[in-house]
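The structure appears right after this line, and notes come after that.
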Amino acid sequence: SVNPCCDPVICKPRDGEHCISGPCCNNCKFLNSGTICQRARGDGNHDYCTGITTDCPRNRYN
């Protein structure tokens, strides 16, 4: 299937888009800083998006 965020010729996000896929990417844009991207397993220390990357960095307290 064709990804609407991706320019298939150069395999990069289309002009005006931030990202193609990832846990902190939705509708071709980075999710806002502070958006939970990985729920904690009982300790309450969730992992959060940074707003500048598609990665979901691990909480430093995990």
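Backbone N, Cα and C define each Cβ position, glycine as well.
Per Swiss-Prot, the disulphide partner of CYS37 among CYS19, CYS25, CYS28, CYS56 is CYS56. Looking up CYS25 in Swiss-Prot gives a disulphide bond to a cysteine among CYS19, CYS28, identified as CYS19. Listed in sequence order, PRO4, CYS5, PRO13, ARG14, GLU17, HIS18, CYS19, ILE20 are the same-chain residues six or more apart from CYS28 (disulfide bond) with CB atoms under 8 A from its CB. Between the alpha carbons (Cα) of CYS25 (disulfide bond) and CYS49 (disulfide bond) lies a span of roughly 9 Å. DSSP labels the residues of the domain 'Disintegrin' (1-62) in these numbers: 0 helix, 13 strand, 49 coil. With a cut-off of 8 Å between CB atoms and residues at least 6 apart in sequence, the same chain places PHE30, LEU31, THR35, CYS37, CYS49, THR50, GLY51, THR53, THR54, ASP55, CYS56 near CYS24 (disulfide bond), listed in sequence order.
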